[in-house]
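Novice: Attaching a single structure in structure tokens format; questions to follow.
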Ligand SMILES: O=C(O)CCC(=O)C(=O)O
Ligand SMILES: [Fe+2]
């Protein structure tokens, strides 16, 4: 295990699967997973609709939904491979998860803009567990007070590479103080699948849900 720490940032990183296991899981997920299309493959930013620069799917326990960037996603029922990975993550962390967000990046042009996973329906005490399969990609954390020209503080971003078969545990309060992104990397031609296991609380009053506007994918720094 590798501990990744900064002020308000607390993560653990490890190689969870061997290359053979990870190859096998990637292949099975390519066969099993169905990605969102239509309105579910879009985000809304200040009322404008954008398609996301990657493919996305949500799986989890029956009846769970998850709202971000103005769109409510229904959980599809767990697939056998997602259950296997979820159970491996639970054995490693001692935490249970009822939901997973899947992101598939077809190559280095697909990316995810800077955001926090701070939706109201997430259990704030539960870490977010991120499993990466396929092409290794850079992952960047930036402190909320060190974003943009007018930022009050100079704090170095925290950068790491998420390898094939790797596991990143983002512990509280990381998601309160740090934004994260998966920047464009033009030289990468192979696909990557990322799974973020979460604990979602049921039946939140809609009026208490945060509406998010910063996840649609830009700006992304270039390699
Ligand atoms: O692909 C990744 O590693 C990041 C995914 C992510 O941040 C998210 O799903 O919220
Ligand atoms: Fe995220």
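The first residue you see is number 1, and the count goes up from there.
Glycine residues also receive a Cβ, built from the backbone N, Cα and C atoms like all the rest.
Just so it is clear, the model here is predicted, and its values are computed rather than measured.
Sharing the features that TrEMBL gives for it:
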BINDING   46, 47, 48, 66, 67, 68, 118  substrate binding site
BINDING   103, 105, 115, 180, 192, 196, 198  2-oxoglutarate binding site
DOMAIN    96-201  domain 'Fe2OG dioxygenase'
Novice: Work through the binding-site residues one by one (46, 103) and point out the residue whose CB has the fewest other CB atoms within 10 angstroms.
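Specialist: If we count Cβ atoms within 10 Å for the binding-site residues 46, 103, the smallest count is at 46.
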Novice: Out of 48, 180, 192, 198, which of the binding-site residues is least crowded by other Cβ atoms within 10 Å?
Specialist: 48
Novice: To the nearest Å, how far is the Cα of residue 198 (2-oxoglutarate binding site) from the Cα of residue 118 (substrate binding site)?
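Specialist: Between the alpha carbons of residue 198 (2-oxoglutarate binding site) and residue 118 (substrate binding site) there are 11 Å.
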Novice: Find the longest CA to CA distance in the recorded substrate-binding set 46, 47, 48, 66, 67, 68, 118; express it in Å as a whole number.
Specialist: 22
Novice: Is it possible to list how many residues within the domain 'Fe2OG dioxygenase' (96-201) are helical, extended or coil according to DSSP?
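Specialist: Breakdown, helix to coil: 7 helix, 49 strand, 50 coil.
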Novice: What whole-number Å value do you get for the CA-CA distance of residue 48 (substrate binding site) and residue 103 (2-oxoglutarate binding site)?
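Specialist: Cα-Cα, rounded: 22 Å.
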Novice: Do me a favour and check the Cα-Cα span between residue 66 (substrate binding site) and residue 180 (2-oxoglutarate binding site); whole Å is fine.
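Specialist: Per the Cα atoms, residue 66 (substrate binding site) and residue 180 (2-oxoglutarate binding site) stand 19 Å apart.
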Novice: On the 0 to 100 scale, where does the mean pLDDT of the domain 'Fe2OG dioxygenase' (96-201) fall?
Specialist: 93
Novice: What three-state secondary structure does DSSP assign to residue 46 (substrate binding site)?
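Specialist: It is coil.
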Novice: For ligand 1, pick out the binding-site residues 46, 48, 103, 196 that have a CB under 6 angstroms away from one of its atoms.
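Specialist: Once distances to ligand 1 are taken from each Cβ, 103, 196 fall under 6 Å.
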Novice: Let me know the DSSP-derived helix, strand or coil state of residue 67 (substrate binding site), please.
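Specialist: Once the DSSP labels are grouped into three classes, residue 67 (substrate binding site) ends up as strand.
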